[in-house]
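Heads up, the thing below is written out as structure tokens.
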Amino acid sequence: MKTTTFEEYQTAYQKSVDDPEVFWAGIAGHFQWRRPWEKVLDWNFTEPKVEWFKGAKLNITENALDRHLAERGDQPAIIWEPNEPDDAAVTITYSQLHRRVCQFANVMKKLGVKKGDRVCIYLPMVPELAIAVLACARIGAIHSVVFGGFSARSIADRINDAGCTLVITSDGAFRGQKVIPMKETVDDALERCSTVKNVIVMTRTRTPVSMLKGRDHWWEEEVKYVDADCPAEEMDAEDVLFILYTSGSTGKPKGVVHTCGGYMVYATYTFANVFQYEPGEVHFCTADIGWITGHSYIVYGPLCYGATSLMFEGIPTYPDAGRFWEIIEKHKVNILYTAPTAIRSLMSFGLEYVKDHDLSSLTKLGSVGEPINEEAWNWYKHNIGHDKTPLVDTWWQTETGGMMITAIAGVTPEKPTYATLPLPGVQPVLVDEAGQEIKGNGVSGNLCIRFPWPGMLRTTWGDHERCRQTYFSTYPGMYFTGDGCLRDEDGMYRITGRVDDVINVSGHRIGTAEVENAINMHLGVVESAVVGYPHDIKGQGIYAYIITENKPDDPDMMRKDIAATVTRVIGPIARPDKVQFVTGLPKTRSGKIMRRILRKVAEGETSNLGDTSTLLDPAVVEEIKEGAL
Ligand code: WTA
């Protein structure tokens, strides 16, 4: 599956464009299928309809677990590093993982969960999270993992949208010094949900929790009464594997749908190829499984390839800013895959946290989730990679299922701040506002993809029209990414950031409309407008302009109260960093907020606001400029 020289990459790329079906059938041949496909690809981007390997039968867990048992049953599949550095790390071999997944799959079966049922998973970064995910896949249940930083309300919205019948959670979570309630949050969520019949609770923190008779079950208790034999459900390549909710520019988060066959092929191929994974290497992806990066590069990609995947429960700064480096030394990590926000944060603590650790095991470095600035790129390459370890900047999205534009470690060229070249199978296009393709090099535009790849989303759960509208209607015949992009003189791609109303805070995608809706629910708030602004550590911060009924007596207290409301409605990750109280917002005569002006003010660029003559009341701009934070 790997292309190990630049020439091989070029040949593979050309083949993937000239003859995509032959190319992908070749890659798919590396997997275990119970029955082969009838057709490699069937597609159109108008409905849209995308089907890969249709008619093929498989179960992804047979690829992630069963097929490794003979050869590497005793090899670690998961190494788990707990929050507390002094607590023992846990190693789970492929045979142990197989056993635990089958066992837990039987627990779900016993509770009546069947193929096609939706299961919400709300767990901290413990092995049981990976086990729950795989157990769903084992029986054909569709998992919807919700990141632990989301509120009860956000969980409820996701449960209701997908109609989940089972929730899997824990009593609490350890994150650095904090103990965070999980079951209690689920209980609050379930007050709004009518589809959930059962809740399974795993013990982590021993936080007292309420357990309702007939609905709630202890994980540890249930696994005692089932055996570890659970034949895998036979799935069609195009059956749904999971739903993962993500933010867009409008409305509530949408459930991105990935299917079994194409996603498996794509996540695994990109993992193996981009990181040039060698047998026995330890791969440490620092993402949370609640995000797509964790789905594809902690669970499915590495395990389907028979790799060893390290899962870390805690945070990079606990007990101090040396934790990542300590983990790398302790577990002899070979591949580190992390986000620019983590790098910038650790950079700010200085090199003393790095210097005493032996990082010589590292063979490959990766970055993901947001644009990486040059300073962070260089720091990472120099101080962590000692200038000899390849560093790949991987651009992709929840919707793409796996990496799209990235260097291949040690194989294709690197360039700081550039995602560089498309992987085989990926056909990027830059388009202008009028939808015309911008050809040639040394140009920038909106990034689209013109041909399907196996890992792409198939629909948005329960609302196919929304999928069409969001991704396939802006530029007919193409998938629109929502990102701006530059292609330099050498044909290398650099992602410049979102061109829609999505902001990327610490690598987390947040829709400005969602934050505004939450703020508007606060007592005394009349209207609000939220934009992103450059933030040294987080990449982008959240800047909120808020109109209140009355001038706040204690603006600081009101800011805190509003933050509390946002935390309650969405979760702590969406809390505004800056709140400016205003008496009006810059609106056009047709009532549209001119966000361009608000963005400029938030960026501190008040001297050149461009044309403001179409504004209903140009005076508000002066007030906003004066009060800028
Ligand atoms: C941004 C995360 C620049 C981009 C895998 C994209 C990046 C959004 C990069 C998707 C990168 C991700 N360079 N920007 N290497 N990787 N992005 O869905 O704006 O959480 O559209 O998927 O993150 O975020 P998501």
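For all residues, glycine too, the Cβ spot is worked out from N, Cα and C.
Remember, TrEMBL labels are computer predictions, not curated facts.
Feature list (source: TrEMBL):
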type: DOMAIN; residues: 9-64; note: domain 'Acetyl-coenzyme A synthetase N-terminal'
type: DOMAIN; residues: 66-452; note: domain 'AMP-dependent synthetase/ligase'
type: DOMAIN; residues: 514-592; note: domain 'AMP-binding enzyme C-terminal'
Do you know the mean pLDDT across the domain 'Acetyl-coenzyme A synthetase N-terminal' (9-64)? 98
Residue counts in helix (H, G, I), strand (E, B) and coil for the domain 'AMP-binding enzyme C-terminal' (514-592), per DSSP? 25 helix, 28 strand, 26 coil
Which residue counts does DSSP give the domain 'Acetyl-coenzyme A synthetase N-terminal' (9-64) for helix, strand and coil? 24 helix, 15 strand, 17 coil
